[in-house]
Amino acid sequence: MDKPLVIAGRSFQSRLLLGTGKFSSSEAMKRAIEASGSEVVTVALRRVELENPQDSILSAIDTSRYLLLPNTSGARDALEAVRLARLARAAGCEPWVKLEVTPDPHYLLPDPVETLKAAEILIKEGFIVLPYINADPILAKRLEDLGAATVMPLGSPIGSNRGIRTRDSIAIIIEKANVPVVVDAGLGAPSHAAEAMEMGADAVLVNTAIAVAGDPEAMAKAFRKGVEAGREAYLAGLGSTRATAEASSPLTGFLR
């Protein structure tokens, strides 16, 4: 039997985290969240008015059912990310933060140096930090040693829907990590989410692939099933791969 996902001592039954950007409406987002089965919903601090209960995004998220995870999307350096996280806590959010530092607006790749700086500051201030990083096993271990609650390596650039292009590095991170590994960014199809879970990732975070789908609600449900199938396959124990064929039926002793 599977165990729940545990992050910073808090248990979650779902291993699918959901982003809230790019949805056509707050109602479409709300339906997708429900269909996904997710219990963790991340919101960009630059896109919401935390002190406004009528904010179109915040008002669609029932915080009694979902952990609202603020993210520092758009921060270009450590100080900007720290400032955003502090604003969220001052506005009454729980001290959880998805840390994103992306100075390059074209590829949105995370800055490892500034991410490490911001993580160190925020962890010392009592934040539960979930850092978005390149699939760098050394950086992942450094962040874990600092006290990060998870590590969140990218599969491919944010919003690219290209799937897991960093498979070998993510496999090393999974092997070495003692905190949950959440594959984040670039997962464009339920099969990509299943692949991450089959590898042994603890969870995945998906946004664009669901939000821009023709039917976001149906796609959210498909990702939910993909995550569940991948996790079940991992727990069942996947067969080893081979360079040559191996018959599944005997090649001798045929009836004559």
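Think of each number as a place in line: the chain as shown, counted from 1.
Note: Cβ is positioned from N, Cα and C throughout, glycine not excepted.
Under the heading active site, schiff-base intermediate with DXP, Swiss-Prot lists LYS98. Swiss-Prot lists GLY159, ALA185, GLY186, ASN207, THR208 with the feature 1-deoxy-D-xylulose 5-phosphate binding site, giving sequence analysis as the kind of evidence.
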Least Cβ-crowded entry, counting other Cβ within 10 Å, from the binding-site residues listed as GLY159, GLY186: GLY159
Site with most surrounding Cβ atoms, counting all protein chains shown within 10 Å, from the binding-site residues ASN207, THR208: ASN207
ALA185 (1-deoxy-D-xylulose 5-phosphate binding site) - helix vs strand vs coil (DSSP): coil
Neighbour count (Cβ, 10 Å) for LYS98 (active site, schiff-base intermediate with DXP): 27
Alpha-carbon spacing, THR208 (1-deoxy-D-xylulose 5-phosphate binding site) to LYS98 (active site, schiff-base intermediate with DXP), which is rounded to whole Å: 17
Cβ neighbour count (within 10 Å, all chains shown) around ALA185 (1-deoxy-D-xylulose 5-phosphate binding site): 29
1-deoxy-D-xylulose 5-phosphate site shell beyond GLY159, ALA185, GLY186, ASN207, THR208, criterion: Cβ within 8 Å of Cβ centroid: GLY19, PRO157, ILE158, SER160, ASN161, LEU187, GLY188, VAL206, ALA209
